[in-house]
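Take a look at the structure set out below.
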Amino acid sequence: MRRLPPVLVEDGCSRELVSLIRTILAACKEISFRVGQGALSGVLGSTLDENIQGETQKKLDVLSNQLLKDILLESGYVKAIASEEEDSTVAGNPNATYIVAFDPLDGSSNIDINSLVGTIFSIMTVDKDADANDPAIFLQPGHKQVAAGYVLYGPSTMLALTTGKGTRIFTLDKTHGSFLLTHEFASIPADTKEFAINASNQRFWTPAMQNYVADLLAGDAGPRGKNFNMRWIAAMVGDVHRVLSRGGLFTYPEDTKDPNKPYKLRLLYEANPMAMLIEQAGGLAHTGTERILDIEPKEIHQRVAVILGSKNEVEACLGYHK
Ligand code: AHG
Ligand code: MN
Ligand code: MN
Ligand code: MN
């Protein structure tokens, strides 16, 4: 099986980009180890702190953030980082041209129940003379990402990665520490009978989403004429991995549960990297009103509605939003 670095070199990635990706993965291997140790390394449970978005931070959220932040800022490859767990961006090497946005640990509510969690990352470029201390350097639409990926800490540790030439899936060989190419090109089937949504929010959805899901639930007797299955892992990284593996529709739609927070997922380090991975595998990623990768971000922690997955099913869902 082929190892990650030669695969990236064959794709024409610059030496620096390959090194940057390997740097991110070095931190992810350590996170994988800590997640695997669980209670044995005393990393389960919460801290007394909240992040800027008002979520209580888990010990592993903080630890994963620190590992990624330290290794990236020390590497010299990045001008700045943005993280779910950092109030603002953090400057690195002022002469570097790469910036990285990340969700250090996605699926925090799964940590203490030994369920799926992962790390999501997005790599963009900026001018050499751009100001490393200016958060505005991150406000670029997702179609400008040069690479995006996630590492899923599951029964095996897997990496989904794209540099704009398809989405590949690697598996971590824990005895030797290499990511090996186990799935050359992910290809999401255009049609599906599987969807993922947190159904407990049903009464807070827009009429469009209420109608769409009602028609899915009506099964073969309803307007869709087929029976659907439902799955919800409560970690975007796990749900997106299932969609990349066998198709499906994943959505975290707009809701009115908290009038000040109509959307849950964050654009720069959740929606954008996942949208690139999904589109590079032949799927679609949309908000209901626009393509996710075309959104011009206004704020680093901006949230958006997300509807992604199998092309025909996402289009069917968008039909209800017209
Ligand atoms: P995070 O743990 O990084 O804050 O992200 C959590 C997100 C995402 O992973 C997942 O799809 C969603 O929250 C789960 O939401 P519910 O708690 O509504 O199931
Ligand atoms: Mn969080
Ligand atoms: Mn997340
Ligand atoms: Mn997170």
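Cβ coordinates come from backbone N, Cα and C, glycine included.
Positions annotated as Mg(2+) 1 binding site by TrEMBL: E84, D103, L105. Among the features that TrEMBL reports, Mg(2+) 2 binding site is placed at D103, D106, E270. Per TrEMBL, the feature substrate binding site maps to D106, G107, S108, S109, N198, K264. Taken from TrEMBL, the feature domain 'Fructose-1-6-bisphosphatase class I N-terminal' covers 15-184. For 188-320, the entry in TrEMBL reads domain 'Fructose-1-6-bisphosphatase class 1 C-terminal'.
Of all the binding-site residues listed here (N198, K264, E270), E270 has the Cα closest to the Cα of D103 (Mg(2+) 1 binding site). Among the binding-site residues E84, L105, S108, the ones whose Cα sits within 10 Å of the Cα of E270 (Mg(2+) 2 binding site) are E84, in sequence order. The C-beta environment of S109 (substrate binding site), restricted to residues of the same chain at least 6 apart in sequence and closer than 8 Å, consists of A234, A235. Taking the C-alpha atom of N198 (substrate binding site) as reference, the shortest distance to any of the binding-site residues E84, L105, D106 belongs to D106. Within 10 Å of its Cβ, the residue among the binding-site residues S108, N198 with the fewest other Cβ atoms is N198. Counting only same-chain residues at least 6 apart in sequence, those with a Cβ under 8 Å from the Cβ of D106 (Mg(2+) 2 binding site) are V117, G118, T119, I120, Y150, A235, M236, V237, E270. If you take the C-beta of K264 (substrate binding site) and look for same-chain residues 6 or more apart in sequence within under 8 angstroms, you find Y252, R303. Same-chain residues with CB within 8 A of the center of the D106, G107, S108, S109, N198, K264 CB atoms, the substrate site residues themselves not counted, are N110, A234, A235, M236.
Residues from the binding-site residues list (S108, S109, N198) with a C-beta closer than 6 Å to any atom of ligand 2: S108.
Per-class residue totals from DSSP over the domain 'Fructose-1-6-bisphosphatase class 1 C-terminal' (188-320), listed helix then strand then coil: 57 helix, 23 strand, 53 coil.
Annotated pair E84 (Mg(2+) 1 binding site) and S108 (substrate binding site), C-alpha to C-alpha distance, rounded: 12 Å.
Cβ crowding, taken as the number of other Cβ atoms within 10 Å, peaks at D103 among the binding-site residues E84, D103, E270. Sequence-distant neighbours of G107 (substrate binding site) (same chain, six or more apart, CB under 8 Å from its CB) are S115, L116, V117, G118, I233, A234, A235, M236, V237, G238, listed in sequence order. Ligand 3 lies under 6 Å from the Cβ of the following binding-site residues, listed in sequence order from L105, D106, S108, S109, N198, K264: D106. Proximity to ligand 4 (Cβ under 6 Å from any of its atoms) holds for these binding-site residues out of E84, D103, L105, D106, N198, K264: E84, D103, L105, D106.
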